[in-house]
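Asker: As listed in TrEMBL for this protein:
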- 194-302: domain 'CAAX prenyl protease 2/Lysostaphin resistance protein A-like' (DOMAIN)
- 31-49: transmembrane segment (TRANSMEM)
- 69-87: transmembrane segment (TRANSMEM)
- 121-142: transmembrane segment (TRANSMEM)
- 261-284: transmembrane segment (TRANSMEM)
- 290-311: transmembrane segment (TRANSMEM)
- 323-344: transmembrane segment (TRANSMEM)
Amino acid sequence: MTSATTEVLTTKLSHRLLTQCQHKHLPLRSTIPYCAAVSTCFVLCLYIFVPSTVRRLPRDDVRHIKWRLFAVFVFTTMSICVYPFIFCFDEEKVTGDDGGGNRFPALHIMGWSPFHPARDLLILLHVCCLYLGPFVASFLKIHVARKNVVMYDGFVTTTKRGSIPPAVGYIQATREVALLPLSNRLSNIQSDPALFWGIIRDLIVAPFAEEIVFRGMIVPALLSSHLSPTTTSWVSPLFFGTAHLHHAYLRLQSKLESTRIVWLTTLVQFSYTSLFGAYVSHAFLRTGSLVGVTLGHSFCNYWGLPNLGFLSKTDRSELSCVYGFRWIISVMYVIGMIIFGIGFRSGNWSFFPEESVLPSLLLMSE
């Protein structure tokens, strides 16, 4: 490739990414293979760019984590650069109807808009509604701990009657149940590089990279193929869920679990990631913001699936101490889901803009 050709390609790329992109409306027979290729290559990069000697290390080994972060960075950078050449018209070839309408930078279409608190934090708040039950359970754990507990590593268990220690109050209970475990965790992060890099991977890089790829580069492509926003929200997460299936291969290779357990766990994971992907795809369609959906993604990665230990009276769960409040917590779960559902509606209770952003950027009706 000559220097002149490189300069032309660089100029075109910067122009489409940062200035104007007249987005193409390719047929589904083109966009579906594109989406499949993107999701497949996202997984393959973890094998192609990571040396085999490193891949054999444990997943939480520092070297393994760093190599994977490097692989993801290379792939996402390449994907962002390739997108405009596939989906943006050449300026000299734009004629007639193709050249009409507004034009936005490709980065804007892919969700790279500045942080907007009123928009992005509302997505995070909307996600928090699903965790109303866990929030209440955490408070009730402190409520129980204030007078009637023995505490170890953040666990709370009631003592036998007659041997109850004196009340310690909410401040001391909060310190023992919440603040001390948090302080210990922060200390461990400082002293344990594997834990530190694991958090960087799980809460920062992985959510951001996945949103760039599976929302920023797949959702606009599907929507521009004249799929409705609703259909796009349900189709795009299938690629997101499928990209996680390689975990089954790794677990089968380890031979630490039975094949039945591996596939059952994989089915549950695929269902969860697809449902979650449908939500963040909808949020991305409505807001056009990678920042908002990344915040929601990171929050879910941190909290994980809800802990239902409050439904058990045994001491095997850290929430068994709030078993007596199980009905209150269960009702809070239901209320949280109701608020979450109401948040999709238009009007004063909506957590999203009145007009969906992404369809307007692609000059498409909702």
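Sequential numbering from 1, following the chain as shown.
Heads up, the Cβ atoms here are built off N, Cα and C, so glycines get one too.
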Asker: Mind pulling out the one from 31-49, 121-142, 261-284, 323-344 with the most Cβ pairs under 8 angstroms to the transmembrane segment (290-311)?
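Answerer: Stretch with maximum Cβ contacts: 121-142.
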Asker: For the domain 'CAAX prenyl protease 2/Lysostaphin resistance protein A-like' (194-302), what's the model's average pLDDT?
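Answerer: Result for the domain 'CAAX prenyl protease 2/Lysostaphin resistance protein A-like' (194-302): average pLDDT 89.
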Asker: Which range wins on Cβ pairs under 8 Å with the transmembrane segment (31-49): 69-87, 121-142, 261-284, 323-344?
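Answerer: When the Cβ pairs under 8 Å are tallied, 69-87 comes out ahead.
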Asker: Please work out whether the transmembrane segment (323-344) lies in contact with the transmembrane segment (69-87), by counting C-beta pairs under 8 angstroms that are 6 or more apart in sequence and asking whether there are at least 3.
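Answerer: No, the stretches stay apart by this measure.
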Asker: Which residues of the same chain, at least 6 past either end of the transmembrane segment (261-284), have a Cβ under 8 Å from a Cβ in it?
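Answerer: Those are 111, 123, 126, 211, 214-216, 219, 229, 232-234, 236-238, 240-242, 244-245, 247-248, 251-252, 290, 292-293, 296-297, 300, 305, 344, 352, 358, in sequence order.
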